[in-house]
Every structure is written in C-alpha cells, then in structure tokens.
C-alpha cells in the first residue's frame, strides 16, 4: 500500500481564495483588514518569512506594513512599537517574527500584544481560550493541520491521535484542537519511553519535534494519517529541506501523508491571513 499524498499547496490556495473574498466583502463595507509584521535584525530565514507574509497579505487585498528594526533595538523600543500598533485602528493583526536577537525577551513582547490582534495565537489569553474551548485566535500551524484533515475527510472524533512534540507553538495547541474534535490524544516528547510503540497506536500521527526524519515506518500503524510539521535542513544540501518523517519509508505504510515541502508549510501563512480577517471582524463587531 502506498499512502495518498496530502496537497497542502492546493488547500492553502483554497483558504487564500476564501480570505480574498472575505477581504473584498469587508472593503465594500469600508473596512480593510490590516496586518503589521515586525522583524528585528537580519536573520536570513526571518527576512524571507516576513517578506512572504507581507506580500501575501497585499495580494489578498489587505493593508500590510513591514517594520524592519535593527538588531540593536532595545526591549523598550520594541515594546513601544507594539503598543503603538495596539492603538492603531488600521492594524488588526500584529506579528513579531521569531527568533528575536539575543537579549530580547519574546515572551514579554507576546504579552504586550492586544490579544484581539495576536494573529499568531501565542498570547496567554488566546492560549487559555483554546484550552477551555472558547473562541479566540488559534496558532496558525495547528489550525492549518486541522484544515488539512477536514479537506481530506479525516474526522478526529473517536480516533487516537499522537502528537510528537510539546512546543507552545505547535505541539500543545495541536493537542488542544484534536481534543476539541473528540480525539483521544497522547503527547510524546524527548522523555517518552517506547516512542515507536506509542506512535504505532495512532490513527492520526502528528510529528512536530524538529528532528530530521526521526519518524520511520516502524513508528506508523498501517493506514494511519501522518502529518509532518517538521522543517529541517538536509546536511550537505544548501537549500533542501525535509521533515520529521522519513517520507519514503512511511509512505509505504500510512494511509495519508503530508510531504515536506508542500504539506503543512503553505497552510501556516494561509491561516495567518484567515486569522487577520477574523481579528478585523472581532475588533469591529462584524
């Protein structure tokens, strides 16, 4: 059996089409959703990511502004910019790109962002809302994974989902979203004994640990849905990336699998755009 491949690019394009229609409808009512992207320093990957986010927002008809601050920016200067954006009625979403230069406290910055403008979904208020099942802004990558599952007719209800990784950005919110959809969820991490045995019990296996091709065929139950969130450089290849899953071996066992690139990655920016529209609606009562 060879697994079906989940096309994240196609689903992301569908999400962006929906967002573009929503933006056009809001603009017809006199409201243009606005996204502010803040980049501190000159990390090459961060410069690419922020440029993509700003460009995508503009392509979908939003108001988008990129603030590129020097690496010498102080915590207070960054805080002042965030507070200024909190007060700006033309900005509905604020994203501060990580990682920040050494000496700057990302957690403190996140806490300063107005929770209604926290389109990354990282503010403690949004984290709490997610875990108690209240409406709020949800982290983009886990939200994108749920959209992929829906697009391919995978209902988590009654299924055993295993999430490998416990980060605040992916692992924990992923578990919360699966719980909301009535899956039985196990979270694995670096201290989990018998990882392969636990993973083999999964109907839905989400790998979000940041280790190159760590998940192999021995970790996967035949017919399982395997979602690979990892983005890892391949040693010896300047521009090649691979996921946390050994795609070639796992594809022979799984029922559905996401590739890297072209799986979860495109969904992250698409869901950021959806969050920005949602934030604009929340702030204006529409």
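Positions of Cβ are set from backbone N, Cα and C atoms, glycine also.
Annotated NADP(+) binding site per Swiss-Prot: 165, 166, 167, 190, 231, in sequence order. Around the Cβ of residue 231 (NADP(+) binding site), 17 further Cβ atoms fall within 10 Å across all displayed protein chains.
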- Note on the structure: Between the two most distant Cα atoms of the NADP(+)-binding residues 165, 166, 167, 190, 231, the distance in Å is 18
- Query: If you draw a 10 Å sphere around the Cβ of residue 190 (NADP(+) binding site), how many other Cβ atoms fall inside it, taking every protein chain shown into account?
  - Reply: 10
- Query: What are the non-local neighbours of residue 167 (NADP(+) binding site), defined as same-chain residues 6+ apart in sequence with CB under 8 A from its CB?
  - Reply: 208
